[in-house]
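Following: one structure in structure tokens, then a few remarks.
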Amino acid sequence: MEQLAKLLLWQLLLQQSSVVYLYSVPADASNPDSVVVSVLNISATRGSQAVLPCKSYRMVWTQDRLNDRQRVVHWDVYSTYYGDNKMERLCDMYSAGNQRVYSSYNQGRILMPQNAFTDGNFSLVIKDVAESDAGVYSCNLHHHYCHLYETVKIQLDITKKAKAAKEYWDGEKAVIVALEGSTVMLPCVNRNHIWTERHSEEEQQVVHWDRQPPGVPHDRADRLIDLYASGERRSYGPLFIRQKMNITDTAFALGDFSLRISELENADEGTYSCHLHHHYCGLHERRIYQVFVTEPVREKKVVNLTTHNTAPAIDPNVVRGHNVINVIIPESRIHFFQQLGYVLATLLLFVVLLIIVVFITRKRRQRGYEYNVKKYGEKDVNLKEFTVDTTDLTQYKSEDIRLDYKNNILKEKAEQARSFPAKNIDLDKDFRKEYCK
């Protein structure tokens, strides 16, 4: 009975786990060392289409029709023996072809192992070394398909003494001191699987898209799509998610693995990640995208819909509403500032006109005051009322004023001043003359 109960319990647990992971496929954690190369924030309006860019030309897959001529090794030497100080290509070899020696002098003197791309040993053998062979040699490995380039440098010195022959490391490169006339081997060994064996590349290239809802950690992200270079595609989740999130069929041909999300909704917010795995080339990259959904901006318009005059006759048995529909939407800020500018300009013009009117009024009032003063002097002042009393002058005339003068001229002038002849002065006549002028 206990064993039967345990079996039933295990069956229930298995059923629960299958139900839980039916719509939530966890992300692949087999490559925790994926390098995060970019983090982007993407905002899109609700109802639109969002494109999460994920491109890598190192992931472009092309069928190798040249028997894998994309791997090559070549040896170069930098020599100062002839004083020209130049780099010279010695030999090269493709993974599917024979090695090629560039100089006729080196034919039969230098060579690499024929099984170099199988064994991973790319060492260069030089027979009957001479002083002209001294220099800095470089072993260059190129993988054009994976965009990998590796270089190993070795310095070769020639000596005529057997005791001086040795090998050591100078901190940057290996140094070999070889006896003149002997055979020397410059080591270059790389047994990485990229250089030694050929994999089925389309089975080792895969792209994953994962999604993390807000608050969900990376290790519990949901898998959306798996896409292999062979053309196999796996989509996860409900049908509506598989229909709205997709990658183009030419992804591996163009290196464009961008995810397109159609008809965005608020539930589509979260963290998306694009995982690029090229196991053959050792490429493991991850790109992260923070997706935010915003509300669309509505255009503000004023729409007036009116019916035409040629409407059919109104049926009295049918209750109808109004024929005019007015839809008023708040105006934009630009229109508000335009109206405000018109109002301010009108007020400014009114103030200028008011200032001009006040100035003219004050001028007219000043002219009126001057006119009243002249008129008042003409009407109210009667010069006849003023009389000149000359009785007092006779007193000064009769008086005998004796003054001491320095000469006769001053005395005569003083006597003339004391004599005031009687004269009648008509003041009214003189004032009238002045006024008429």
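Each residue, glycine too, has its Cβ placed from N, Cα and C.
Feature list (source: Swiss-Prot):
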- 1-22: signal peptide (SIGNAL)
- 23-339: topological domain 'Extracellular' (TOPO_DOM)
- 32-159: domain 'Ig-like V-type 1' (DOMAIN)
- Asn41: N-linked glycosylation site (CARBOHYD)
- Cys54-Cys139: disulfide bond (DISULFID)
- Asn121: N-linked glycosylation site (CARBOHYD)
- 167-294: domain 'Ig-like V-type 2' (DOMAIN)
- Cys188-Cys274: disulfide bond (DISULFID)
- Asn246: N-linked glycosylation site (CARBOHYD)
- Asn304: N-linked glycosylation site (CARBOHYD)
- 340-360: transmembrane segment (TRANSMEM)
- 361-437: topological domain 'Cytoplasmic' (TOPO_DOM)
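The recorded positions near Cys139 (disulfide bond), taking a 10 angstroms Cα-Cα threshold over the set Asn41, Asn121, Cys188, Asn246, Cys274, are Cys188.
Sequence-distant neighbours of the transmembrane segment (340-360) (same chain, 6+ residues past either end, Cβ-Cβ under 8 Å): none. Within 10 Å (C-alpha to C-alpha) of Cys54 (disulfide bond) lies none of the recorded positions Asn41, Asn121, Cys188.
The Cα atom of Asn246 (N-linked glycosylation site) lies nearest to that of Cys274, taking the recorded positions Asn41, Asn121, Cys188, Cys274 as the candidates. For the recorded positions Asn41, Cys188, Cys274, a Cα to Cα distance of within 10 angstroms from Asn121 (N-linked glycosylation site) holds for Cys188. Rounded to a whole number, the distance between the Cα atoms of Asn41 (N-linked glycosylation site) and Cys274 (disulfide bond) is 14 Å.
Take the CB of Cys188 (disulfide bond) and look out to 10 A: across all protein chains shown you find 24 other CB atoms.
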